[in-house]
2 protein chains.
Amino acid sequence: MRVMGIDPGLTRCGVGVVEGRVGRPPTLIGVGVVRTPSDLDVARRLLALEQGLEVWLDEHRPEAVAIERVFAQHNLASVMDTAQAAGVAALTAARRGLPVTFHTPSEVKAAVTGSGSADKAQVAAMVTRILKLDAAPKPADAADAVAIAICHVWRGSTTNRYAAAVAAAKGKNQ
Amino acid sequence: MRVMGIDPGLTRCGVGVVEGRVGRPPTLIGVGVVRTPSDLDVARRLLALEQGLEVWLDEHRPEAVAIERVFAQHNLASVMDTAQAAGVAALTAARRGLPVTFHTPSEVKAAVTGSGSADKAQVAAMVTRILKLDAAPKPADAADAVAIAICHVWRGSTTNRYAAAVAAAKGKNQ
């Protein structure tokens, strides 16, 4: 399954594409960021983000898109910008008929490091190790996007295997 | 100037279009809501919202779009949905090259009622009176969207008159 992970943002929106299967380490297909000019107003930046994400979707043709869920805990003004960016990211994927899943930061951290409270450096280090890279993807938003994609591949397959096991168990009981 | 006001939301996104000029009461052109099915996931609802807003923009061809700014004060989960909806609204307008302005709830309330802390009923009553309607637009999200559009026409003209006055004063001093 090819998954595009998106770490939403207006200044730097992280994008990471991995290909993965159950029981195998995922492979990195592409990683980077979409930047939008800070001298534009929010609406124009959202338009630039849409255009940048369309290029990534055209080029990498993911089967699913995973987006980090935004929480309103820290800087409220920037959180609203981030939520708007997440909305545009979800929209571009939905327009192509792709499944869109939101994962919380702690789900992503737990999936790649084993700890829901890991810091950014730990996440980047585990992403580097899991994908057998020479160095962590940079900037941090790009590494986070890859972690979101890995999280989705691994959680997705867990969910699928669980669903399959439940279905099999039901079959046995009938 | 024809302005489309948008009260962003996924369940009911208010839309109100008014036409107004400096020194004249604005005229109501159209008012209603875009609803998205609650059984769809957020990405699919954002797509339905985009499609609904495109219909409104096609039909009413505003020269400017005004959106209520979302604050993270109340229900955090629904605020994030609302912010994503606001992002999609801003995007659809930006794609058409329309100017997009965000107004805070207190700016909107102050513009139509004179008080930044007016309640929804007071806003609806003043919208009804300003536009010389027989009854307030319903639901409340629709009335709010009209208030946002009126706010934009009036604040916009204030800003324009101020800018014109500054320009005139500069001309005199030269």
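Cβ atoms are placed via backbone N, Cα and C, with glycine included.
Per TrEMBL, the feature Mg(2+) 1 binding site maps to A:Asp7, A:Asp141. The active site feature in TrEMBL is assigned to A:Asp7, A:Glu68, A:Asp141. Under the heading Mg(2+) 2 binding site, TrEMBL lists A:Glu68.
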For A:Asp141 (Mg(2+) 1 binding site), nearby residues of its own chain (Cβ under 8 Å, 6 or more apart in sequence): A:Asp7, A:Gly9, A:Arg12, A:Cys13, A:Gly14, A:Val33
Protein Cβ atoms within 10 Å of A:Glu68 (Mg(2+) 2 binding site), excluding its own: 26
Neighbour tally for A:Asp7 (Mg(2+) 1 binding site), based on other Cβ positions within 10 Å of its Cβ: 28
